[in-house]
């Protein structure tokens, strides 16, 4: 049986007063008190040792109130450090009072650690600045905590964020929703009449013709090919004739459209004002020397120009300046 003997006072006598058990005997002078402990059972397995050698003497220091308070504070600080390190894994003390009391200390520690804002105690993400539970919106909602700061979501789509960043980088203010955006006006091209406009060069005025070696009037034979054409506005097809002649070393191609009966068109000059082909009696439709075979109108004269022999590239379409646009010829 262990016995405690106080060593706080002087005197080494063997009186019964000095051998009484003392468990709470602080020194009167305020200094540390020591206890002398005798444990007779410590050498019970010591073999054949004599009874006078059984037992040991130990010195125990009696703690005062300040040391007890310091130990309690140190243990609480260790628990707070453990709770802080395990907060990201969702591990923490089960005592709710400890969580509530340590919230203020954790808030001070986190606010002083950096300016990036507090982190969520459950997932480790950034929490709201004004959240009293120090959690993000998802964790507050999943735990069912009554947090007034997480009522409205602050999530913004990535497209709007990029648009706002571009506006801020360029210095442009975001346009209001009700503002009108100016639209580009469509260019309106006036519709051309079905009748072709042309200007006949007078024969007496030869200014500019000598430079290009173009005579004012040409009489030659040509091959007219019958084709079917249709306008953009009107889907009705009509017959026309296209040809190509060589004048002054240049190739001239054109399309002759139907102008009506010969009696009405003869007064207007027929197809001669087009200046594409100014042929003689052999090229006139009323001449008896002209024959039409399988849609091909040709002259009976042996002197004619074959368009294939000119080695001129085939045009993409039959569009000419000053005329209507027609689709590609169909046979």
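Glycine too: its Cβ is placed from the backbone N, Cα and C atoms.
The region 'Disordered' annotation in Swiss-Prot covers 1-50, 158-194, 261-290. Here Swiss-Prot flags 21-32 as compositional bias 'Polar residues'. Taken from Swiss-Prot, the feature Zn(2+) 2 binding site applies to 120, 136, 140, 147, supported by similarity to another entry. The DNA-binding region feature in Swiss-Prot is assigned to 120-147. Positions annotated as Zn(2+) 1 binding site by Swiss-Prot: 120, 123, 131, 136. Look at Swiss-Prot and you will find 166-180, 278-290 tagged as compositional bias 'Low complexity'. Residues annotated as motif 'Required for homo- and heterodimerization' in Swiss-Prot: 247-250.
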Checklist outcome for this item: residue 131 (Zn(2+) 1 binding site) and residue 147 (Zn(2+) 2 binding site), compared by Cα position, are separated in whole Å by 7
Checklist outcome for this item: Checked against DSSP, the composition of the DNA-binding region (120-147) is 7 helix, 1 strand, 20 coil
Checklist entry - Once the chains shown are all counted, how many other Cβ atoms turn up within 10 Å of the Cβ of residue 136 (Zn(2+) 2 binding site)? => result 22
Item to check | DSSP-assigned states of the motif 'Required for homo- and heterodimerization' (247-250) in counts, ordered helix, strand, coil | outcome: 0 helix, 2 strand, 2 coil
Item to check | Average model confidence [pLDDT] within the motif 'Required for homo- and heterodimerization' (247-250) | outcome: 84
Checklist entry - In whole Å, how far is residue 136 (Zn(2+) 2 binding site) from residue 123 (Zn(2+) 1 binding site) when you measure between their Cα atoms? => result 8
